[in-house]
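In TrEMBL this protein carries:
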- 1-19: topological domain 'Cytoplasmic' (TOPO_DOM)
- 40-51: topological domain 'Periplasmic' (TOPO_DOM)
- 72-95: topological domain 'Cytoplasmic' (TOPO_DOM)
- 119-125: topological domain 'Periplasmic' (TOPO_DOM)
- 146-155: topological domain 'Cytoplasmic' (TOPO_DOM)
- 176-196: topological domain 'Periplasmic' (TOPO_DOM)
- 221-238: topological domain 'Cytoplasmic' (TOPO_DOM)
- 259-276: topological domain 'Periplasmic' (TOPO_DOM)
- 298-327: topological domain 'Cytoplasmic' (TOPO_DOM)
- 345-350: topological domain 'Periplasmic' (TOPO_DOM)
- 371-387: topological domain 'Cytoplasmic' (TOPO_DOM)
- 407-413: topological domain 'Periplasmic' (TOPO_DOM)
- 17-33: transmembrane segment (TRANSMEM)
- 53-75: transmembrane segment (TRANSMEM)
- 95-116: transmembrane segment (TRANSMEM)
- 122-144: transmembrane segment (TRANSMEM)
- 156-176: transmembrane segment (TRANSMEM)
- 196-216: transmembrane segment (TRANSMEM)
- 237-263: transmembrane segment (TRANSMEM)
- 283-313: transmembrane segment (TRANSMEM)
- 325-343: transmembrane segment (TRANSMEM)
- 349-370: transmembrane segment (TRANSMEM)
- 391-412: transmembrane segment (TRANSMEM)
């Protein structure tokens, strides 16, 4: 009886610790359902139906491993990825990594900020510029939570992630996708033409986010409670749950676009405004409204995460700190410039995702090197199999990037 009580008490303590350490992965996961995902998934679903769903599945599995490695680096070393690069490489390498990481963070924020502005425009009937102003105000308010610590921000961001997931459960109900074809698309690879390859690379860029690789290691570097192994075990649960939700949202986005647009003859949908306006007559006003609300929620939460990632990158690489509100003010400027110049916002979203894919390999190579270093990682060092899978992912990403470059030059995009 005494042994059972001790075992039950130990089990409760483990569950309590696991719950206490939940949260960082939910902040990271928001980066995987940003407005760039909306744009690329809708375009892919409208153009190719269910044929590119397998890309989302595999990209999400890759993302799970990458985020576990990033979180593990913070837990094992007490330093984030940017700090490790600063400590182990010469200044020219550090500055190169810092500049490209800042560019990636700005490209990400551009997509997220404009996406939220489009969402406000669609559901409120305001101009895109007014939507951008509302987005700026809302993100400032959310960022103010950071003053109270990481947990309040984790709860708000996690709540927005769950809201977007719930919204897409509703969208699946409205669109009624063919479940047999959906399942087939998830497991059977298909790339029918060069445009599909270009979109697949965009989906990869939208799903695996380099700025979140830097961020996640910073979110776990100051975790306390239990042993390192216990913190790592809890973090794996955190990543598995959060990334499964994000993966479901991405699959639901593409499946909804396939069911609503591709099979009704609207294969040319490549614009978020057009998607919203087409959903209403095809499905219902409620379906269009849910789409708009989910876009706002995803945009607001992901642009906050992008701002946090930019701060981590700057502090980690060059030890330079500016207040979050200053960074937010500066990083809003490109979005307002794009809007005032009248550029196509959806095209900007898609191209930003393509740009992101070029930063994945740079971050991932050094993440793999550090997490495979037994001196740094101790008992949490990568196993041989993890190393092999990690390098396979790097090769795949580089190969897709080369195809993207060739495709862009030849006008396939």
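In case you wondered, yes, glycine gets a Cβ from its N, Cα and C as well.
Just so you know, TrEMBL annotations are computer predictions that nobody has curated.
It should be emphasised that the depicted structure is a prediction, and the values quoted were computed from it without experimental measurement.
Residue counts for the topological domain 'Periplasmic' (259-276) under DSSP, helix first, then strand, then coil, are 10 helix, 0 strand, 8 coil. Of the two recorded stretches, the transmembrane segment (122-144) lies close to the transmembrane segment (283-313), with three or more CB pairs under 8 Å once pairs fewer than 6 apart in sequence are set aside. Taking every listed stretch (17-33, 53-75, 237-263, 325-343) in turn, the largest tally of C-beta pairs under 8 A with the transmembrane segment (283-313) is reached by 17-33. Under 8 Å from some Cβ of the transmembrane segment (17-33) lie the Cβ atoms of residues 60, 63, 67, 70-71, 108, 150-151, 153-155, 157-158, 160-161, 164, 206-209, 211-212, 215-216, 219-220, 223, 225-226, 230-231, 233-235, 237-239, 241-243, 245-247, 249-250, 298, 301-302, 305-306, 308-309, all in the same chain and six or more residues away from its ends. If one looks beyond the topological domain 'Periplasmic' (176-196) by at least 6 residues along the same chain, the residues whose Cβ comes under 8 Å of a Cβ in the stretch are 47-54, 56-57, 251, 255-256, 258-259, 263, 407, 412-413.
DSSP labels the residues of the topological domain 'Cytoplasmic' (221-238) in these numbers: 11 helix, 0 strand, 7 coil. For the topological domain 'Cytoplasmic' (371-387), same-chain residues at least 6 beyond its ends with a Cβ under 8 Å from one of its own Cβ atoms are 65, 69, 72-73, 75-77, 84, 228-229, 232. Within its own chain, the topological domain 'Cytoplasmic' (146-155) is flanked in space by residues 23-24, 26-27, 219, 304, 308, 324, which lie at least six positions past its ends and keep a Cβ under 8 Å from the stretch. The list of residues near the topological domain 'Periplasmic' (40-51) in space but at least 6 beyond its ends in sequence, with Cβ under 8 angstroms from a Cβ of it, reads 177-178, 181-182, 184-186, 190, 192, 195-196, 199-200, 202-203, 205-206, 250, 253-258, 261-263, 266-270, 272, 275, 349-350, 353.
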